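Novice: Checked TrEMBL, it gives:
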| type | residues | note |
| --- | --- | --- |
| TRANSMEM | 61-79 | transmembrane segment |
| TRANSMEM | 91-111 | transmembrane segment |
| TRANSMEM | 132-150 | transmembrane segment |
| TRANSMEM | 162-180 | transmembrane segment |
| TRANSMEM | 187-209 | transmembrane segment |
| TRANSMEM | 215-234 | transmembrane segment |
Amino acid sequence: MRAPGFVAQRLSLSHAGDVAGSVEIAGIQRGLPSTANFERHRYRLADGALLDERSSAQRGFWLRAFIAVQPLHFAQYQWLGPGWSAALRGLHLAMGLGACLLCASGLYLWLQRRASAPDARVRLLQRLSQGFCAGLVAAAALLLLGLQLVPSELLAGPWPGRLFLVLWAAAGLAALLLPGDWPLARGLLGVAGLACLAAAVAHLAPWLMRGRLPALGPDLTLILCGALLIRHAWMQARAAAPPAHPRVTGDHHA
């Protein structure tokens with residue numbers, strides 16, 4: 001590669017075996033917020049001569065600002081380097097889970113204010129909010145766990161997205177089918193917490209067995225989120241438990 005700081009991520013061959021054959025190398029440029037869709041270098045296969053070079057640095061200001069936003073959607077911070085990339089990916093994960101909890105808690109408080117109203121629509125909305133909001137957190141956590149457990153050759157393909165949608169839809173379906181007094185939100189949050197802890201352990205275990213440590217940002221974030229989710233589920237179970245009857249002491253009067 002003739003571009004210092006360029007990290008190749010994708011190769012595309014054109015007219016391979018021909019005299020006019022070329023290879024296009026797409027990737028990221030360190031220090032430049034962009035993606036492989038915009039950072040490309042094309043070389044001739046015969047002698048390695050540079051034929052074309054495309055970069056977001058050649059674009060106008062507003063287009064460069066639009067391109068810089070693209071990595072944020074998928075937590076792609078590799079252009080910052082290994083250290084900052086791992087730290088920001090952990091922060092990105094924490095903010096995503098925090099946003100889910102913020103939406104769920106806001107909707108929960110709104111429904112609690114209307115819980116006393118004898119309206120079937122409010123009860124249905126309350127049940128669906130438990131299934132889809134808590135189910136969203138559980139589906140995301142179970143997806144992270146699944147990505148750690150499956151073999152690396154199976155990671156490619158559309159199955160991660162399908163698994164997430166199936167898990168989320170299953171939580172919503174459970175909200176409609178399970179009895180109304182079943183602690184759906186508590187169960188889903190508990191499952192999400194356990195899945196976060198298991199995903200962190202599954203990621204750390206292979207590294208520790210080799211006597212090495214990975215970037216700890218995402219794993220510590222998962223452990224913290226898992227502990228908070230389990231604590232929240234436990235507090236809900238404690239609040240829902242019937243109060244213990246106080247021991248009767250003293251004289252009894254008829």
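Backbone N, Cα and C atoms are what each Cβ position is placed from, and that goes for glycine too.
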Novice: Based on Cβ pairs under 8 Å, which of the stretches 61-79, 91-111, 132-150, 187-209, 215-234 lies most in contact with the transmembrane segment (162-180)?
Specialist: 132-150
Novice: What stretch, picked from 61-79, 132-150, 215-234, has the most CB pairs under 8 A with the transmembrane segment (187-209)?
Specialist: 215-234
